[in-house]
Amino acid sequence: GSAIRCGESCLLGKCYTPGCTCDRPICKKN
């Protein structure tokens, strides 16, 4: 299985990657 990557920026406080939450300035895995 492929691991979820949570490296997107979330300056607006929202992550679009499933299973990730915003930890400004980037998304982190739940």
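Just so it is clear, glycine is given a Cβ too, placed from its N, Cα and C backbone atoms.
These numbers come from a predicted model, not from an experiment.
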Member of Cys15, Cys20 annotated by Swiss-Prot as disulfide partner of Cys6: Cys20
Rounded to the nearest Å - Cα separation of Cys27 (disulfide bond) and Cys10 (disulfide bond): 6
